[in-house]
Amino acid sequence: MPGIVLIGAQWGDEGKGKATDLIGTKVDYVARFNGGNNAGHTVVVGDESYALHLLPSGIISPTATPVIGNGVVVDPEVLLEEIDGLESRGVDCSRLLLSESAHIIAPYHRVLDKVTERFLGKHKIGTTGRGIGPAYADKINRVGIRVHDLFNAEHLHDKVEASLHQKNQMLVKLYNRRPIDVDQTTDELLKLGERLKPYVANTSLVLNKALDEGKTVLFEGGQATMLDVDHGTYPFVTSSNPTAGGACTGTGVGPTKITRVIGVSKAYVTRVGEGPFPTELFGEDGEWLRAQGHEYGVTTGRPRRCGWFDAVVNRYASQVNGLTDIVLTKLDVLTGLKEIPICVAYSVNGERHDDMPTDQAEFAAAKPIYETMPGWTEDISQVHAFEDLPQTCQDYVKRLEELSGCRISVIGTGPQRDHIIQINSLID
Ligand code: GDP
Ligand code: IMO
Ligand code: MG
């Protein structure tokens, strides 16, 4: 019953799409467990590049069954558009299973996401504006709408009314916007529900049965450890649990079924949106990394903030997620640098911290303590054995492994499927 969790170990966009695709053909199910279409996961197959937002990256593998778990917030319009877009490119989406308990992102959640950010002004989070936070807030406030609610007109109308009662007051009186019509919203959601119906299933039951039968399930996280609402850089986080524990609550599978936890990390760090980022580079080095790594968001197109590898973050990710393996991506991007700094610890008000400070004021004040390694100039994109990497490149990877407290099992040397160095298998 192998249950493999794959999560982001930094601030997102580490290459989870590519890492999922790497094992996608060797697993029976790929299940998303958190987040929504704030995610943008890229899978490159030959000349084709797929940007997946809600669908698990396993959709590209013809053998795996893709699942959207109960922990995901689903914008029905976006999901249907994504399915249509992929089907028109010849990708079969008919196997998709959508949890009947997943919460819905309604149009009013998108509106609220944008107006709330505007009202926060200088305190804004820099969200993706997709309605993620407001949809999770409704879930926790117990006024959310779930997938199965879309199939009962009377029931749905009642729920939309309950949810909009307070929101319309806020929209009109506080945000100076027009109220949202309950009947129209209900009708729109009912129509979308009709189209989603064929995919809807009791996914917790399906996944548990599969695991009991010895099948392999890959749990694909959206976002990342440092964006986790409990363990990340709160309040500059998303509204879900992208850490490994979220795989259980977000799919209805018990922790005893999880056999492996893979963390995906870039060989440097990027972040989109607001919030502290100790190793961020503002000058030429930051520009260079952004250009070399094509660091622009898959979902919003925003330029990503770039910085050196932060080993404090990776040690923390190893601990919080119980990592068994790391997939280290984008090592090729560092080719050409004379020297590569690695952040090994922080200095906070003159005091050394080897571990992540829990006080966000301390984290915001953290200055990186760097150790510098020599770089390499050779093209590594065609290298397939670790021993064939330039010695300085091998030393860099070994040092990251030592500092991260978890073995590095796969190295990414380019965006394509075959741009990898496999050190340990990810599924045995
Ligand atoms: P995700 O959100 O974690 O799935 O990551 P994104 O897809 O948002 O961003 C990762 C980007 O890096 C994508 O454009 C990938 O095609 C690309 N990528 C992934 N692995 C590698 C790698 O090893 N080298 C290079 N150069 N690009 C990579
Ligand atoms: P993937 O899965 C990078 C960031 C946003 C913002 C914060 C909150 O592709 O790695 P939200 O819209 O979730 O309320 O925004 O989280 N964010 C991401 N950053 N990659 C992502 O997903 C992200 N999803 C959300 O930029 O700072
Ligand atoms: Mg992404």
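Cβ from N, Cα, C; glycine included.
All annotation found in TrEMBL is predicted automatically rather than curated by experts.
Quick caveat, the model's predicted, so the values are computed rather than measured.
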Further binder of IMP named by TrEMBL next to D13, E14, G15, K16, N38, A39, G40, H41, T128, R142, T238, R302, taken from the candidates Q223, Q319: Q223
Binding-site residues (N38, T128), the one with most neighbouring Cβ atoms at 10 Å: N38
Among K18, H41, K139, R302, R304, the one of these recorded positions whose Cβ has the fewest neighbouring Cβ atoms within 10 Å: R302
Candidate nearest K18 (GTP binding site) in space, where candidates are the recorded positions N38, G40, H41, K139, T300 and distance is Cα-Cα: H41
Cβ neighbours of G40 (Mg(2+) binding site) where a neighbour is any other Cβ within 10 Å: 19
Per DSSP, three-state class assigned to K18 (GTP binding site): helix
Those residues of the chain, 6+ apart, with a Cβ under 8 Å from that of L331 (GTP binding site): A267, I380, C393, Y396, V397, I411, G412, T413
Those recorded positions, out of D13, G15, K139, T300, G301, R304, that come within 10 angstroms of N38 (IMP binding site) at the Cα: T300
